[in-house]
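Visitor: Pasting the feature list from TrEMBL:
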TRANSMEM  A:20-46  transmembrane segment
TRANSMEM  A:454-477  transmembrane segment
TRANSMEM  A:497-521  transmembrane segment
TRANSMEM  A:533-550  transmembrane segment
TRANSMEM  A:570-592  transmembrane segment
TRANSMEM  A:613-632  transmembrane segment
TRANSMEM  A:652-677  transmembrane segment
Amino acid sequence: MASTPETEGQKPKHRPIVRIGIFIIAHSFIVSVVCCTAGVLALLLLPVLAKKTYVSENALMPGSAIPMITDQDVSGANNFINELTSLNSKSQSLNIEIPRLIALHMANLGGEVSYHMFQNQPNKFHPLHFFTSTDTEANNVNQTCESYATNTVGIIRAPRGDGKESIVLVTPYNPVNLSPNETLSLGIAYSVFSLLTQVSWLAKDIIWLAADSQHGQYNSVAAWLKDYHTPSFGGFGKLHDDECHISNDIIEMEVSDTLRRAGTMAAALVIKVANTGEAGEQDALNIYAEASNGQMPNLDLINVVSYLAVHGQGLRVQVDKLVSLLDSTWLKFIGEVFETVGKIARSVNPQWKFGISVKEYVEGSATLVSSLYNQALGVPTGSHGAFRDYQVDAITMEISPKLFSNSKGRQTELLFRGGRLVEGVIRSVNNLLEKFHQSFFLYLLTSSNKFVSVGVYMIAFLLLVAPLPVLAASLFSDTIKSYVKSEKNQPFKSWRWLYPTKTVFLVHLWGAIISLLPYFIYQIPDSQPTSRLLIWASLSLFILIVLGSFFRARSAEWALLKSVTVSSAFIGLCLMSVINFATAEIGALLLVPMCLMTKPWRVAGKVQSALNLVLVIIGFPGATFFVVKSVLGFENGSSLVEFWYWVESLWAWNSATYIYICMVHLPCWILCIYILLHPC
Amino acid sequence: MLVQCTMDLLFYYRSLGLSLMIENFPAGDIAALVYLWNPLTIITCLGYSTSPIENLMIVLSLYGACRRLVRLAAFGWVMASHLSLYPVILIIPLVLLIGSGLDTPPRKLFLQPKHSDGYKKTSFSWRRVVLFFLWASAWALYVLLLCGISLKEYSGLGEMFKRTYGFILSVEDLSPNIGVLWYFFAEVFDFFRDFFLIVFHINILFMVLPLAIRLHHRPCFLAFVYIAISSILKSYPSVGDSALYLGLLGLFVNALADMQFSFFLFSGYLGTLLLSPVMNNLWIWRGTGNANFYFATAMAYACFQIILVVESVSSMLNHDRALKKGATTVAKKVQ
């Protein structure tokens, strides 16, 4: 921003910060290349920089008490499982019989039982769902009794507690099609429940939610949580038809009609049993932690479960990882490079503990990619995601025995193991005086006991995104200098960015419009996914052409247009990084190279134009989807249909990723294409 | 919401009257368009806030002063001060405008010896100023009388002053807003609370006199700077106040033709205003943030506003220097 003043003779001195700024802007190309490579390198380095997890909250003290679960509890659980299995095989209206059986057992153990009936709310797309939590009003369609599902809720009041806090155990099951795994998970919960009615150390109430998941596991838990947290002032419990009530014809059981509450929830555990079908050496425990929009529970909860599982029960703890990456050769190559660098560093100074083995690196990368992808999608990985909306930390624990057999001995052993694990976790969480707050909320897992915290992964993102404002400033100052030099003598030189801003604004408006289009497309009855996708694409193109006639008026200089585009990409990426970091990281990897390199093809050379074309093709979200799916080897069904279902899942779950794609990624992509084809 | 829209339209017509039709662009049109199409104005109307009414009164007083309609200016000033306390400081630009009209040239600017065509220095009309004060006191008494009558059941005027001006001055409610006072006063000890209240309010007052001395030849611009500063440092700012001074910025579009960093400021405003609700959501709804996140965006917003004020004042002064030298292009000086 220096100019030659007419009167002063000497060169004016800038303030130091302005001088640094001018230096960086003058060398913007080198700065961009260095920052981008550093950003990608930092991302590849993340599995190496992962630290071991540790329990931050001192009050938790996992594993410091001997498990108290007894044979009596487990044998009671076995009887319960047998009754369930026999009921499953003979009875008809399982919709009502199984909740009644569970309620009977809960009441016999001494808990307070209540039913929670809810209707299935289909996930419909409504534009305002992203910004407000609209109450889904009761559907106007008259639904019969069969559409009601019944959650059975049992509460143990802590003898020494004040009733202000509670711990929730969730066991989802499908009464229409009860599988042996679900009976096992119900059995584990039964054994823990029967133990906890007798212990003296309980300070928080225990809620056991046997969730009826015939309409989906997430929906059942979400419906119960919504009713739990919505205060009702009289008459709420009588909303349902009287015939749909489960009649209490067993005299000694008192089942409440209204919703029983037990205070704020300190933590929630969703217990499932799965059979992986492969024989390993150990029983395995899979932990699923991601909630909606990439939110994670407090790391301490995962640490406690992981510690107790490994050290207490000898289970092998696993987190979701991308299996197809475990064989990739380029990842192994990068791992070997890092290992060599680590060896060199250690030989120089033995205290630098840098570098991990190739196998660890490859597994860490696979887990990291899966963790990033799950967080980026913004779709919860299980019914524990419903708890996060109410700021309750929750995870899903899926126990998979190494050899699934129907033998009684295996079943008892599994009940013992699972029971002790759940009891240990509850005992730890029981010690808490405050909510989970000590450990991290923003992290990425590279294995079940290694994590990368926000302070580390944010650096990779910032390095990747830093060239954007530098490039915008350099393009802008170059344009201003060229105006000064050309002596056009126009008074409003520094306001000429207003014209490209109008263009960029119109394109973003287009992005907002097409994000709302599916709402109207759904009103068309009986349409196939492929036709819906084609209608959406053609409508978007049409609206773009209509809007394009508005910004044909002034063909602004491409440099200013690129500067404004890059600034808007920067603002969009930074905003998204606050909402959902993983989306912003993946979006930055796609968007930043494309935005930095785009130039009109008449100005740039042939090589650069070809590279720009490749980047632009990769930058389209649909193309990325296809490329990723084909490279990582998932091919099922027609890809167009799959793409539509993928996008549909994004807006069905109110994921902010959908808004990011429509309002930041697509407009910047369109603008980069426009700059590429600019007639200058 | 209909009321707000009417207020906005009235602002539009008033600012048309305020247009300084010099040089190229119809500044009044631009100011009105900037105000009406500003997303901040639209959000203020959607939020059912009464800021448009305050803005209308401020613009009414400026318009009356520019057209030397003493009664209208006094009415606008009294109402604006009654509704929110801070427009009191606009007394200085209003007096300057009423006394000497728009754009009083500085005494040494155009008094060149070579101008021999009998250039007469514009005189300061004290009669109108006295008339202004008389009308202002008349309007103030009338307003207070009406308030007293309507508040008779609610224990009268003293209570009203305590609850309106006292509330603004004593910053009792510390709900988070887009300003910078709530965070500070949540931490300050009770012993020092009065001291810091005085410091924060004097922060606005001590800038009044130096700015008046430097910019007394451009009273409209002085009013703009006062409004901008009071909307940064007032105790309960909102985006409605920002909408007002951004609209008034449009009036000086010809003088500010070479304002540096305009693109940077625009991006900064956009980014901060979009980030603020996200941080609020992160803090209040998700529980993974805390008050520091939200206050950081409020501080960044205040920074960008201050840069805007500083840049506009410096480019206005550069414009004056260029006029003085008789240059046609404005030389960009480095600060």
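Heads up, residue numbers simply count up from 1 along the chain you see.
A Cβ is built for glycine as well, from the same backbone N, Cα and C atoms used for every other residue.
Each of these features: where is it, how hidden is it, and who are its neighbours?
Guide: Listed as Cβ neighbours of the transmembrane segment (A:20-46) (distance under 8 Å, sequence separation of 6 or more from its ends, same chain) are residues 1-2, 14, 334, 338, 365, 368, 444, 446, 452, 456-457, 459-467, 470-471, 473-474, 477, 585, 588-589, 592-593, 596.
With a threshold of 8 Å between CB atoms, the same-chain residues lying at least 6 positions outside the transmembrane segment (A:533-550) that come near it are 506-507, 509-510, 513-514, 517-518, 521, 524, 527, 640, 643-644, 670.
With a cut-off of 8 Å between Cβ atoms, the residues of this chain six or more beyond the transmembrane segment (A:570-592) that come close are 36, 39-40, 43, 293-294, 371-376, 378, 442, 444, 454, 457-458, 460-461, 464-465, 467-469, 472, 618-619, 624, 656-657, 660, 663-665, 668-669.
With a threshold of 8 Å between CB atoms, the same-chain residues lying at least 6 positions outside the transmembrane segment (A:652-677) that come near it are 123, 125, 129-130, 292-293, 376-380, 503-504, 507-508, 510-512, 514-515, 544, 558, 561-562, 565, 568-569, 572-573, 576, 579-580, 583-584, 587, 590-591, 594-595, 598-601, 609, 612-613, 616, 619-621.
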